Amino acid sequence: MSDEFYVRYYVGHMGRFGHEFLEFEFRPDGKLRYANNSNYKNDSMIRKEVYVSKTVMNELKRIVEESEIMKEDDKLWPLADKVGRQELEIVYGDEHISFTTSKLGSLIDVQESEDPEGMRAFYYLIQDLKCFVFSLISSHFKIKPI
Amino acid sequence: MADTYELDLEPGADDFAEDEMMLDDDTTAKVKSHATKRKGRGFNDHESSLSKEKFDTVDADTVGNAQRSVEGWVIIVTGIHKEATEDVVEEKFADFGEIQNITLNVDRRTGYIKGYALVEFKNYDEAKEAIDECDNTNLLGQTIHCDFAFVKGNTSSSKSHESRQSRRGRDRSKSPRRR
């Protein structure tokens, strides 16, 4: 049961610099993969992977659990569009969510949506997850991930 | 439906030898297939960039199960009080060696500390001692947990793909059965 856990997040768009995106996943065995492709100013693709410990995975679980994201549903969320797309996929025990929505500019987009409570859970979880991943990647590889 | 996966529940260590990349994806696929409650619009149109290409790793430099980072050994501390500060964390760990870096992130919703910190030491021994001495101890009235943040994992790096067989053999004969 404790190993039935997987998290993946993607945000990206197709634009004048091609397909620009950020994506990361935590696999059940602790493998953290991080990819960031920005072609702006000829930046090249960053791809990093490292295994994180059980304690890191447990902290990730706690962050997911506290967000209560597994109770939400994306059916009323804005659809992905030209501006961009976000995907959040989580397996937690026997529950599996795979949410997609547009990029969210700010909390105003959240408040004005048809499901402000669900989108708020998503909005803050994404920020906490990104923050967690950037800290892990930058402390391990000594790069600025964004 | 999930019952059909029963036989995969206890993969022995030797099963890993065949093809590690396959195993990787299999574990993830298995975990996904175990889930019985599915929710969301994203189940049909997903093409992840994370399954194909080669990923950079830090060269394998491990002691026990811990993996060294580029500039030192990073430990994770969890259970940190929401009103803790960097000074509090530094004070807790300063005795074990020179702290090279502390990351203490805030909860984006509340503005308080999220509850974890990453603390980087220069040497393995310092990090190890900090973990041994501080795991399950009290900080601002809460029990904290300490561990290395990064570990060896099943595969150590995509770069060393060719040497995997030989390295694996060496690992096996050298490593003690239990730590």
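Here the Cβ of each residue, glycine as well, is placed from N, Cα and C on the backbone.
Feature annotation from TrEMBL assigns region 'Disordered' to B:1-48 (among others).
Under the heading compositional bias 'Acidic residues', TrEMBL lists B:1-26.
Mapped onto DSSP helix, strand and coil, the compositional bias 'Basic residues' (B:31-41) counts 4 helix, 3 strand, 4 coil. What TrEMBL lists as compositional bias 'Basic residues' is B:31-41 (among others).
The feature domain 'RRM' is assigned by TrEMBL to B:73-151. Mapped onto DSSP helix, strand and coil, the domain 'RRM' (B:73-151) counts 22 helix, 35 strand, 22 coil.
The region 'Disordered' annotation in TrEMBL covers B:154-179 (among others).
Sequence annotations record features per position, and here TrEMBL assigns compositional bias 'Basic residues' to B:166-179 (among others).
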